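Student: As annotated in TrEMBL:
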TRANSMEM  25-48  transmembrane segment
DOMAIN    41-290  domain 'G-protein coupled receptors family 1 profile'
TRANSMEM  91-120  transmembrane segment
TRANSMEM  140-158  transmembrane segment
TRANSMEM  197-226  transmembrane segment
TRANSMEM  238-260  transmembrane segment
TRANSMEM  272-292  transmembrane segment
Amino acid sequence: MEFRNQTLVTEFLFVGLTNCFQHQVVLFVMFLLVYLVTLLGNVGMITLIWMDSRLHTPMYFFLSHLSFVDVCSSSVIGPKMLTDIFVKKKVISFLGCAAQLWFFGQFVVTECFLLASMAYDRYMAICKPLLYTLIMSRRICVQLVVGPYTMGLMSAITHTTFAFRLPYCGPNTINHFFCDLLPVLSLACADTQVNQVLLFILAGALGVLSGVIILVSYIYIVVTILRIRSAEGRRKAFSTCSSHLTAVSILYGTLFFIYVRPSSSFSLDINKVVSVFYTAVIPMLNPLIYSLRNREVKDSFRRMFEKKNLLLSR
């Protein structure tokens, strides 16, 4: 009731990363290259998987969706961040901020559970190879993709609804370069303890759930690999999941640092620096990780270029 006579904000202002012009030029060039490589790498991965019938397997079905999510999550933040670098007044509307928070949160949670689905796929391929084709049917694969999108949607609805039901009556300057949940909550003209507890519980629960699926899958995978007698067999089995394990370690390490830690160690400035990594760098790294460390993807790239050169030579 006490907020009725106060003017509610209709827009937010971003602090951004730096006000130094020289630094802004460097950041603009760097983030533009990162964003372009992200788009090229992920769209290229999706196209390659779609065009090469040899890659029409469950693992690459999940990988194509991971690439799609990376394109979406980076596009929610990237273009706005690039246009704001040289702008003195970095403005975003109230509804625009809510939309950015919604979609980015949805894609981050979706990515976590897609990685869990991919871990389960690797478990089935290595631990139950004779049943793999039977169990990992088209219907099961679709369910293992729909599940992550559903979890992401539920998380986005919960956090965005709770955050933007709060009154925001000033100040309206967000100490960040995009509408992340914690910096937005710090501007609310009401007690945000319920939201922070909800964030800790929900982020922790989703992180633990997807993390446990990945951890249990890899425990079984490691046990199975250690039972393989030949060193070559162990190396080949491990190489099929090393790329996925690298992607999991990078993403989960970054997210747990930001969202699942005591409030006493919370710092918006530190979070802003770390956020650059998981909003810009990780979506760029995923296609590189899966292409540079995956023989099937490299062979598919080689076949595609050989076919292209053959057509051009005619």
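In case you wondered, yes, glycine gets a Cβ from its N, Cα and C as well.
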Student: When you scan the chain for residues with a C-beta under 8 Å from the transmembrane segment (140-158), skipping those not six or more beyond its ends, what do you find?
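Tutor: Non-local partners: 58, 61-62, 65, 101-103, 105-114, 116-117, 120-121, 198, 202, 206.
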Student: Using a Cβ-Cβ cut-off of under 8 Å, list the residues of the same chain that are 6+ residues beyond the ends of the transmembrane segment (238-260) and lie near it.
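Tutor: Same-chain contacts beyond the ends: 108, 111-112, 115, 118-119, 122, 125-126, 182, 199-200, 203-204, 207, 211, 214, 218, 221, 225, 271, 274-275, 277-278, 282, 285-286, 289-290, 293-295.
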Student: Same chain, outside the transmembrane segment (91-120) by at least 6, Cβ under 8 Å from its Cβ: which residues?
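Tutor: Residues 9-14, 59, 62-63, 65-66, 69-70, 72-73, 76-77, 80, 144-145, 147-149, 151-153, 155-157, 159-160, 163-164, 168, 174, 178-181, 184, 206-207, 209-211, 213-214, 217-218, 241, 244, 247-248, 251-252, 255, 278-279 contact the transmembrane segment (91-120) from elsewhere in the chain.
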Student: Quickly jot the same-chain residues contacting the transmembrane segment (197-226) by Cβ under 8 Å, restricted to those at least six beyond its ends, or write none.
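Tutor: Counting only partners 6 or more residues beyond its ends, the transmembrane segment (197-226) has Cβ contacts under 8 Å with 109, 112-113, 115-116, 119-120, 122-123, 126-127, 151, 155, 158-159, 162, 181-182, 234, 237-238, 241, 245, 248, 252, 255-256, 259-260.
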